[in-house]
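What follows is one structure encoded as C-alpha cells, with my remarks underneath.
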C-alpha cells in the first residue's frame, strides 16, 4: 500500500506549501497592482483594435517583471516538484504492456535492433523512445506482442520514465506560458494546478506513448513563441534569436513525432503572419527592415524546421538498415537497401521466362503485390468468382506462375523468355486459378472492370489471357526482373491491369482493389514490376538494383504514411470515439485490465478539471463578446486585456480539424487541445476573480478573490484525491458492481472503470 | 393623403430594356422545346420516383435533401395532371403520352431562366454599372452547363435561384436608406424567406446561407459601432435582423417538413427505417396490422419484439428449432442450446409469450394484469415453448458478451436462468405500464444483470446469417441496440400448445389510432435523413472537386435510343476559363491592395475599396463556401455540385473587369482600348463556344461521329458514339 502512504504526504506537502504561498503572493499583489494599472493606461491605445496578445510597453513590462520575479521562482519550483512527483510516482506499475505500448514499445525495440518497420507516424518519437530504452539498458528483446504481457525482467522503466519526464514539463510550460501572456501569477498557478492534478494528463504521460513527447514539443514551441513575442522591442538581439530558433526547433520536433504537430505549426504561422502584418503597418520601419524580419522568420520557422525534419528521417533510414516487417509497404528499389531482404544483393534469373514463379508488385507507391486467396467476391459484387486483390505484406498467396497461352506442362530444356507482346496466362500458385477479367463492374471503381481468379488447374477461357507489354519497349524485348515496368493488357476487352488504391470492405479483408482499367494511359497504377523470380532452370545472376536516392526515399515514405493514415477507417462494429465526446469527458480509454481481478488503469480526465475547462471556454467567449460589444458601443473598459485569444486559437486548431477527419479517432487525440483549454481557464478565472471589484468594494472584493481561489484549489485537490486510482491503478470490483470503491464516482454511465 | 390623389393620374414607368432583353433571351434558351427529349434524362430517374410518391401521397425518406425541392417538382407535376403512374426505372425510358413532360420540367426551367435577370440586378446592387451587369447576365445566359441543368427535372437551378434571390434582396435592403422603411423590411423578409427556401431545396444552400449571415453580421457590427444612434434603436435594429434572417428561415425550414409530413400520410417503401410509433401514424402498413392492438402488455400477451436499431435493417427477436453448434470454427464451445437471433423478416417464429414466473398459465386473465416497469417476467418462444435464457457462456461472435439461448435442459449442471426484469427506458412514471409500440424496453437478466442486446454481427451459415443477439454486462447509457419495442401484440387465449400455434399463425387485428406529435415525427425524420448512410460507391460519371475547376469530366445525361443525339453536362470552356482567371486576378489584386494599404498607400479611394471588399465577400466568399466543403466530403460527387460556386464567379468576372477599367487603367489609354477589345473578343468567343456545344446541350441536331469527335476538347470527356 505504497499509495496510501504517499497520497497524504503529498497533500500535506501541497497544503504546507499553499500556506506559505499566499504571503509572497499578497506582497506581489500589492506591489503589482499599481504597476499593472499604469501599464493599462499606457497600452490602452495599442490594444483598441482587439489585439489578442498583450503588447506591453517595455518599461511597464520591465517593472512588472522585476516584481514578479521572486514569488514566481518559488512557485515555479513548487510546480516543477509537484509535477515530477505526480508523474513519476508508481511509474513501473503495472508491470505489463499497456494499451499502445504494444506498438510504440515494439517500435522502440526495432530501433535498438535496427530492423525496418512501417508506421503511420514520423519517426522522432519512436527514435527517442528507442534511445531512452537503449540508454537505460533495455536490450530490445522484449516482443511487445499484446497488451497485458508481463515485462518480467526487462528494463522498461527507462522508456516510461523518459515519457513521464517529458510529460512533467507540461505543467511547467503551461505555468510559464500563462505567466508570459497575463503577467499574473495567479492565472499561471491555476493553469499549472489544473494540469498537475488532471488524472488524464498523468495517465497519458506515464506510459510508452508518443503523446507526452508530442505535447512536450507543442508546449515548448508555444512557450518559445510567446517568449519571442515578448522580445519584439529588442529585435535581432541574442535572446530574440534564441527564442525564434527554439520555436523553429520545437516545431520540427512536434511534426517529427506526429502529424498532429501540423496544428501547432499553423498556430505559430498565424501568429507570425499577424506579427509581420503589425510590422508592415509600423511606418517607422523601412521596407528593408521588414524584409530582414521576414527573412529571419523564414529561416528560423521554415527552413530550419525543414532541415531538422529531413535530418530526422535521414537518421531513421540510416539506423534502420535491416529487413523487417515493414518491407512490403515499399517499392522494390527501396527494399534493396535493407540487409536481409531478399532483394538486398539479390540473385535471381535476370529475364522473365515461361514457367517462372513470380511476385508482381504494383508501381504506385504503397501499391501492393498482386494477390489472390480462397475467397469469392460476395453476392452482388460482379461475378461470384475468386477475389484478386493487392496486398501489402509478403505472403505465400502473392505467388503467380507465368504460363503460355495453351500448355500447362513444364518443358524440358531451357525455358523460353517472356517478351514484349507475348500472350501469357497467370496462374495463382496456391489456388491454381487464372487471372481473369470480364465485362462486370469492379467492386469499388465502377468505371473499371472486375478482375477475378477463374478456372482451375490451368483450364480456363479466353478471358484469362493477358498480353505483356514492357513500357518503352519494342516487340521482342525480354522482361527484366525488377527493372522493367510491365503492363498487362487483357486480350478480350483491351483493358489494363490496374490497382486503384482503394481499400476493399470487410469481405475483401481490407486489402486493395485490383481492377482492369479501360483507360490505357500509362500511370504507375497500371504498371507492375516482377519482384521475386524463381525459376530453377535458369542461372541466377546477381542484380544490383538501382538504389534510390534519399529524396526519393523521403517522398516515398511520406506517401506511404499518408496512405496508411487515411486507411485507418473505423471498422463497422468498433466503438468509435466522436470528437464531441472529448471536451465533456464522455468516455475514456482502457489502458490496462478489464475484469475485476485485474490491475486496471483507465485514461479519463479529472472530471472536475475538465468541466471547469469547458465552463471557462463558455465564460471566455461570453466575456469577449460582452467586452467587444461594449467597446464597439463606445464604452471604455477598465479591465486589463487578456492574452487568451492565442490560447483559444490553439484550442480550436487542435480540436476542430478532428471533426472533418475520416480516420478512426481516440479520446487521447484531445489532449493537446486540453492543454490549451486549461491555460485559457487559468487566464479566464483569474480575470473573473479580479472582476469582483466591479461589484464589491475593496476589502470584500479581495476576500472574494481569495475565497474563489481557495475553493478552486480545494475542489481540484479533492477531486484528484477521489479520482487518483484511475491513473495509479485500481483493483477490485468494477464501478457498477456492488462493493466497488469507485461506485460513487461513476458520475457518467459511459465511464467504464 | 389627399394630395396623393390629385389628378391627373400619371403613371411613369421606367423599363430597363437591357434587363428585359436578357430575360427574354433567358426564357428562350431555357424554355424552348422543353419537352424534348421525351425520355427520362439522368437524375430525373431519381427525383421522378419521389414525385410519383408525392402524387400518391406515400411516405418516403430521401437523404439527399430537405423536402421543398421535391415539393416544387411535385407541384409542377400536379399542375400537369401527372397521376404518379410511371415507373422511373432507367435513364432513357420513353415517357408515355399521359405524362406531361413539359409541366414536369417547367418550374426548374423557370427558376433557371430567372437566374439571369437576378444576376443582372445583383450586380447593380453590388454597385457596379449596367454594362457589368449585362456582362454577368450574358455569362450566365450562355453557360451550357446551367442551361442543361435547368432544362430537366433537377434541383440545382432552383437552388441557385433562391440563393441569388436571397443575396439580391439582402443587398437591396442594405442599400436602401434609411433601413427601417416598410420597403426595406419587406426586402429583408424576402431575403430570409429565400434563405429558408434555398436550405429547404438542398442542404448545399446552407453554405450560401451561412455566408449571407456572415455578411449581414459584419454590416450589423458596423451599425452597432455607429455611436450616432441610441442604444435602444441599435438593439432594435439587431433584433429586427435576427428575426428576419434567422428566425424566419428556421421556421420555414420546419414548415417544409410540416407540409411534407402532413401531405405524405400513407405507408410506403421506407417505413421500415422509421420507429414503430412513426409507422403507426401512417395509413396502411404497420398501422393496418397494429390497429386495435391492446395497448398494455399483460402477462400472457403474445408479442413480437423489434429492436430499436434499424441499421442496417430492422429486425425482430427470433428463435428456431436449431441449436448452437457444440464447437465453433475457432474451437470455442457453446451451450448447444436453442439459437436466439434477430431476424429481419416477419415470421411466425418471432412471436414470444410473456409469462409470470410465479404461475404456469400462458393466457391472459380477465381483467388482464399489465406488466409494469421493474416487473420480472419470463419470455416463452411461441412455436417451440423454449424460455429465453442467458448464462455465463461466451456468445458466438462477440465472445466478451454472454450467449442468449432458448433453454434446453441437458442435465449438465447448467441451470435455467430465465428471469428478465422489464426496464422501460422512456418511462414517465416509476410504475409505468409496458405499452405496445410506445415503450422502449430493456430486458435485464436477473441473475447476471446483463442486458439483452443486438450485437449487429451476423452469424455464419449455422445461424442462417441471421443477426446475433447477446446479453452484455457493460451497458452504456444510451444505446439503441439495447432497446426493444413490442410491435405486434395480442392477448393470448389458448392454453394448449397446438391451439397456440394456430393462433400465432393467424394475423393480428383490432383497432385504435395512435398519434405522435409533429415535433416527434420531425425530429425523427430529420435525424434519420442525416444518419441514413448511403452506400459508398463510385458512379461512372462521378468526379472529384479538383477536377471541376478545370472541367476534367463531363456527365452524359441522355443518349437517343437509336441515333447519336445526346445531351451532356458540359460547361462553356471559355466562360469557365474566364471565371477561373477572374478568381485568380481578384485574389492577386486583393493581396497587393492590402499590402500597399498597410504601408499607407491608398490606390483606390475608400468608397471604391469598400465596394471592392464587398464584391470579394460575396463572390469569392460564395465560391469558397460552395467549393471548399466538398474537398472534405466523403461522398460521391458530380460536376453539377460545382454550379452554384461557378455562378458566383460569373458575378465576379465583369465586376472585376469594370474595376480594372475604371481604377487601374484610368490614365493608360492604350491598354484601356486593348482591354475593351479583349473583352469583346472574349464575349464573342463565349458566344461561339456556346453555339458549338449547343447540339450537346439541347440534344439536337444529331451529330455524326466525326463531329462528336471534334467536340471532344478534352481527352477525359466521355462522349458516346453509337457503332453502326
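Cβ from N, Cα, C; glycine included.
Looking at the stretches B:106-124, B:125-143, B:277-295, the one that TrEMBL records under the feature transmembrane segment is B:106-124. Annotated by TrEMBL as transmembrane segment, the relevant range among B:83-99, B:185-201, B:304-320, B:321-337 is B:185-201. The listed stretches are B:7-28, B:154-173, B:574-595, B:607-632; of these, B:607-632 has the most Cβ pairs under 8 Å to the transmembrane segment (B:638-660). The transmembrane segment (B:672-693) is not in contact with the transmembrane segment (B:106-124), judged by fewer than 3 CB-CB distances under 8 Å for residue pairs 6 or more apart in sequence. Counted with DSSP, the domain 'MIR' (B:294-357) comes out as 3 helix, 30 strand, 31 coil.
Counted as Cβ pairs under 8 Å, contacts with the transmembrane segment (B:185-201) are highest for B:237-259 among B:154-173, B:237-259, B:574-595, B:607-632.
Long-range contacts of the transmembrane segment (B:154-173) within the same chain: residues 42-44, 47, 65, 69, 72-73, 107-109, 111-112, 114-115, 118-119, 121-122, 125-126, 146, 179, 184-185, 187-188, 190-191, 194-195, 197-198, 201-202, 204-205, 208-209, 212, 215-216, 245, 618, 622, 640, 643-644, 647, each at least 6 residues beyond the stretch ends and with a Cβ under 8 Å from a Cβ of the stretch. The domain 'MIR' (B:368-425): residue composition by secondary structure is 0 helix, 26 strand, 32 coil, according to DSSP.
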